[in-house]
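Structure first, commentary second.
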Amino acid sequence: MRKILVTNALPYANGDLHLGHMLGYIQSDIWVRFQKLQGNQCIFVCGSDTHGTPIMLKAKSLGITPEELVTKYSNRHLQDFTDFEINFDNYHSTHNSLNKEIVEDIYNKLNNKNLISKKAIAQAYDPEAKMFLPDRFVKGTCPKCKAEDQYGDSCEVCGATYDPTELINPRSVISGQSPIQKNSEHFFFDLPALEKNIKDWIESNTLLQPEVANKLAEWFEQGLQSWDISRDAPYFGFAIPGTNEQKFFYVWLDAPMGYIASFKDYCNKNNINFGDFWGDSSSESELYHFIGKDIIYFHTLFWPAILSSTGYKTPTSVFANGFLTVNGKKMSKSRGTFIQARTYLDNLEPSYLRYYFASRLTSRIDDIDLNLEEFVTKSNSDIVGKVVNIASRCAGFIYKKFDATLSGEIFDPELESEFSKNHDAITQAFEKREFAHAVRLIMALADKANQFIDYHKPWQLAKEEGQEQKVHQVCSQGINMFKVLIVYLKPIIPSIVAEAERFLNIQFISWADAPKFLINHKIDKFKPLATRIEKEKVDKILEDTKKMLENEQAPQSKKEEPKLDIAAECTFDDFMKVDLRIAKITEASHVEGADKLLKLILDLGGVTKQVFAGIKSAYKPEDLIGKHTIMVANLAPRKMKFGMSEGMVLAAGDGKGIYILEPHEGAQPGMRVK
């Protein structure tokens with residue numbers, strides 16, 4: 001049994017997931033499910049990437065805290081993953097005390113090895129927004145290939161990396177103004193000092209994709225540069241120790257460490273030895289990172305350099321996938337093809353997209369095109385027309401005529417052997433992430449199964465006298481070929497296969513036992529496992545996406561400013577006549593005969609006052625004892641039938657509720673409110 005740890009790139013928690021995201025997660029989920037079916041101990045972890053200026057600014061624009069924003073999107077992401085049948089063993093967050101501990105520990109180890117240095121650098125600064133600009137908040141023309149509208153850290157056209165100050169005609173994404181340069185002291189990781197470590201890792205990595213190896217060679221030829229791992233306040237993230245929260249770790253330093261934190265969290269929950277998988281001596285374990293091609297730089301240069309110098313196992317390999325296009329073009333909101341994961345799920349089952357992606361995915365870093373017409377055709381033809389159709393054509397005869405029991409003999413051993421002989425080739429295709437090849441092999445077998453049924457025509461044989469045994473054997477072989485196919489498809493379309501397993505009355509079949517036919521086995525009544533996709537469903541996805549864009553672009557109706565019924569104006573001198581004091585409620589009790597009043601004894605720092613307050617509808621007396629409030633201490637005493645009231649406690653209300661005012665922690669009884 002192999003010990004395998006798989007991570008997937010952490011989704012950034014400032015927006016919803018779209019189908020381009022799902023391409024990478026579906027790819028890794030298929031591979032993990034395949035490994036588990038083989039009996040390997042394969043652990044799959046992920047989590048939310050939650051730090052950085054984009055999150056800070058978006059939260060501010062929405063009037064919420066960054067923590068509230070990332071919690072909202074983390075929950076939505078996890079629901080999308082669950083509904084797309086992405087089965088993580090653990091889902092964590094980078095904004096977590098465990099990750100903070102790991103980040104600081106790794107930073108200290110790097111610092112102790114003299115791999116961290118400080119120097120003043122010129123930073124892009126937005127004078128209008130009054131803040132330093134992160135790389136991705138500066139856009140301009142690439143200094144290498146001259147492509148326009150590129151981010152401040154890397155070019156999406158030529159792949160070059162650079163500093164924001166190198167951009168031609170830079171502009172602030174926040175204000176649109178040209179940023180100025182302003183000096184700031186930053187922390188740097190000495191990447192060039194670890195060049196040999198990185199090259200040793202590359203040479204030992206037999207699974208590295210050729211495209212990645214070529215890109216690495218190009219970066220080495222350009223020369224490695226020290227990496228700026230810090231950002232200036234204000235910033236949402238972890239403060240660098242000893243900087244008085246003026247400098248923070250760059251999100252790309254703490255984000256990959258979220259892999260470690262998520263796995264360590266899993267280990268803590270499941271009593272697993274972390275070192276067996278990710279210790280520097282865990283040679284028997286395998287570690288794989290699945291990522292998008294846009295973050296190869298961070299995962300194949302910085303990450304192995306950091307891991308190799310801090311006592312962690314370096315990745316066995318890093319697998320990158322390409323981008324998603326729709327109908328041959330870049331995803332577009334205006335065309336309705338920038339499809340969110342939830343929009344798809346609101347209209348179609350996840351199995352269809354999982355299958356379509358699998359039918360296109362290879363081990364190469366190719367962009368995948370979601371051709372919507374082909375998507376409908378392939379789903380209907382392959383899943384419904386080929387695979388599910390085998391069972392639907394044979395199940396009724398077995399269930400009705402033969403007591404739902406499969407034959408004790410194999411009708412066509414040669415065909416059975418052909419299904420068995422393909423097992424190794426399909427296994428190798430899944431192992432190498434050549435899912436498109438695996439799907440072609442599986443569908444070729446499905447074609448043979450349907451040809452077998454077409455040739456023998458059990459529906460005609462059933463009408464002929466004396467052909468009962470042949471009908472039984474032909475349909476039993478059909479059901480068994482279906483059984484082999486669904487096991488092969490289990491990593492790809494797990495929910496459909498789960499329904500098929502219930503129909504076949506089987507609990508679990510290992511990958512190794514996939515080709516074995518069921519003999520004298522009782523099945524259940526067949527129910528439809530998948531329905532055809534109607535074109536209208538796909539059209540609705542596009543329509544819903546366009547409507548979403550229209551709602552985003554629609555001008556927000558100006559809200560009427562709330563009107564307050566303000567009392568008559570008073571002068572400052574008038575206000576200063578009111579002596580407001582902090583008071584501690586030492587006693588509280590009901591007032592006999594009064595429907596609205598509570599009797600309060602207030603301590604003003606050695607001076608005691610009695611007050612009758614109309615707050616009975618909102619508070620129980622026992623809940624008030626020990627609380628601090630604010631009272632008008634110099635109000636003329638008022639004689640009431642219940643006793644003397646020597647002041648008034650302050651409370652707010654809107655006619656629906658009453659809320660007594662409580663001072664901030666630290667205010668003491670007797671202090672004057674000014």
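Using N, Cα and C of the backbone, Cβ positions are placed for all residues, glycine too.
Look at Swiss-Prot and you will find Cys142, Cys145, Cys155, Cys158 tagged as Zn(2+) binding site, backed by sequence analysis. Taken from Swiss-Prot, the feature ATP binding site applies to Lys333, supported by sequence analysis. Per Swiss-Prot, the feature domain 'tRNA-binding' maps to 574-674. According to Swiss-Prot, the motif ''HIGH' region' annotation covers 11-21. Residues or ranges marked as motif ''KMSKS' region' in Swiss-Prot: 330-334.
Within its own chain, the motif ''KMSKS' region' (330-334) is flanked in space by residues 18-20, 324, 545-546, 548-549, 552, which lie at least six positions past its ends and keep a Cβ under 8 Å from the stretch. You'll find the Cα of Cys145 (Zn(2+) binding site) roughly 27 Å from the Cα of Lys333 (ATP binding site). Ranking the binding-site residues Cys142, Cys155, Cys158 by the distance of their Cα atoms from the Cα of Lys333 (ATP binding site) places Cys155 first. Its own atom aside, the Cβ of Lys333 (ATP binding site) has 16 Cβ atoms within 10 angstroms in the protein chains shown. For the domain 'tRNA-binding' (574-674), the model's pLDDT averages out at 88. According to DSSP, Cys158 (Zn(2+) binding site) sits in a coil region rather than a helix or strand.
Sequence-distant neighbours of Cys142 (Zn(2+) binding site): residues of the same chain at least 6 apart with a C-beta under 8 Å from its C-beta are Glu148, Gln150, Cys155, Val157, Cys158, Ala160, Tyr162, Leu167, Ile168.
Each of the binding-site residues Cys145, Cys155, Cys158 was ranked by the number of other C-beta atoms within 10 Å, and first place falls to Cys155. DSSP classifies Lys333 (ATP binding site) as coil under the three-state reduction. DSSP labels the residues of the domain 'tRNA-binding' (574-674) in these numbers: 7 helix, 44 strand, 50 coil. DSSP assigns Cys142 (Zn(2+) binding site) to coil in the three-state reduction, placing it in neither a helix nor a strand.
Highlighted in sequence order, Pro143, Lys144, Lys146, Ala147, Gln150, Glu156, Val157, Gly159, Ala160 have their Cβ within 8 Å of the centre of the Cβ atoms of Cys142, Cys145, Cys155, Cys158, the residues recorded for Zn(2+), and are not part of that set.
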